[in-house]
Amino acid sequence: MTIAIERNIQRGLFDLVDDWLKRDRFVFIGWSGLLLFPCSYLALGAWFTGTTFVTSWYTHGLASSYLEGCNFLTAAVSSPANSMGHSLLFLWGPEAQGDFTRWCQIGGLWTFTALHGAFGLIGFCLRQFEIARLVGIRPYNAIAFSGPIAVFVSVFLIYPLGQASWFFAPSFGVAAIFRFILFLQGFHNWTLNPFHMMGVAGILGGALLCAIHGATVENTLFEDGEAANTFRAFTPTQSEETYSMVTANRFWSQIFGVAFSNKRWLHFFMLFVPVTGLWTSSIGIIGLALNLRAYDFVSQELRAAEDPEFETFYTKNLLLNEGIRAWMATQDQPHENFVFPEEVLPRGNAL
């Protein structure tokens, strides 16, 4: 008689940690969680701390916290002072020298929030990759989430890296984001940039596709239950379709003359449109970071000043951008002490 004895497989520390991280629990951790959870916790904690207690008086000449009387719309974690350049503003660095109060005053919370926020978003993307691999599905959710990551990184990190300092990045707040949008329009003519146009088409197109798709599915649900609505009739494990693709195809064929006949192509298109919009707008922001002026009237104004033969049309768009610059240059960058003589300020139709 032969007795087979199983050899003990030596399990190292990595295997033990891997088992613990991937254990079935209410909130999955995984290897991606080692990046996601600490970074997200620190980024959100820094944002709540900054909007509650920390002033922007020393960086922007503004009150920006609840403690100073701001509300949810006006509170923000403001970007560092222009004089800080592109320093990462470590608490132990030469600027703050370990002084937490000074670190908050010079804008250290902004770099802390931005960097931990970026790594938190990357961790969330990796989390979707990891769980997709474990449950055996495709990783298109993670690929789609690359769009928001591209926008965050390009706007909050790449754009200010191309400018003079972190000062020109958007601060983390509602009104602060709108200020940044005005800045992009006035100094870069952002709305006339084709990459912005593609981004708008992608986001609004994605919203339209989402609304059409949701309404069409609701319209073509099979009546397979006795309840007042069809929600209770659905079971997650049913083998039958929940709605009629054939009916939906006939409906839109009658309306548009063409319709999606393939669910895979339909849903890929719903993925492709908004994600492509996010990526193209991110590419446009990188162009602004490098001060590419192909769609910026400032370059035409400079050329017109140098070349008497060069003509530009003075449009409402030019008037808008000049007005934004005249207002924001002094208000937004008080440390520069800009003074504009009245004769150079735009005067609308009184020209």
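Keep in mind that glycine also has a Cβ here, set from the backbone N, Cα and C atoms.
If you check Swiss-Prot, you get these features:
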- His116: chlorophyll a ChlzD2 binding site (BINDING)
- Gln128, Asn141: pheophytin a binding site (BINDING)
- His196: chlorophyll a PD2 binding site (BINDING)
- His213, His267: Fe cation binding site (BINDING)
- His213, Phe260: plastoquinone binding site (BINDING)
- 39-59: transmembrane segment (TRANSMEM)
- 123-139: transmembrane segment (TRANSMEM)
- 151-164: transmembrane segment (TRANSMEM)
- 206-226: transmembrane segment (TRANSMEM)
- 277-293: transmembrane segment (TRANSMEM)
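Tertiary proximity for the transmembrane segment (123-139) is limited to same-chain residues at least six positions away from its ends with a CB under 8 Å from its CB atoms, namely 22, 28, 30-33, 35-37, 39-40, 145-146, 149. Same-chain residues lying 6 or more positions outside the transmembrane segment (277-293) and placing a CB less than 8 Å from one of its CB atoms are 146-148, 150-151, 153-155, 158-163, 184, 188, 190, 193-196, 198-203, 205-206, 299.
With respect to their backbone Cα atoms, Phe260 (plastoquinone binding site) and His116 (chlorophyll a ChlzD2 binding site) stand 42 Å from each other.
Between the C-alpha atoms of Asn141 (pheophytin a binding site) and His267 (Fe cation binding site), the distance comes to 12 Å. Within the same chain, residues 65-68, 70, 75-81, 104-107, 109-110, 112-113, 116-117, 119-120, 123-124, 167, 171-173 sit at least 6 positions outside the transmembrane segment (39-59) and bring their C-beta atoms closer than 8 Å to a C-beta of that stretch. If you measure from the Cα atom of Gln128 (pheophytin a binding site) to that of His196 (chlorophyll a PD2 binding site), you get 28 Å. Following the DSSP three-state reduction, the secondary structure of Phe260 (plastoquinone binding site) is coil. His267 (Fe cation binding site) is 24 Å away from His196 (chlorophyll a PD2 binding site) when you measure Cα to Cα.
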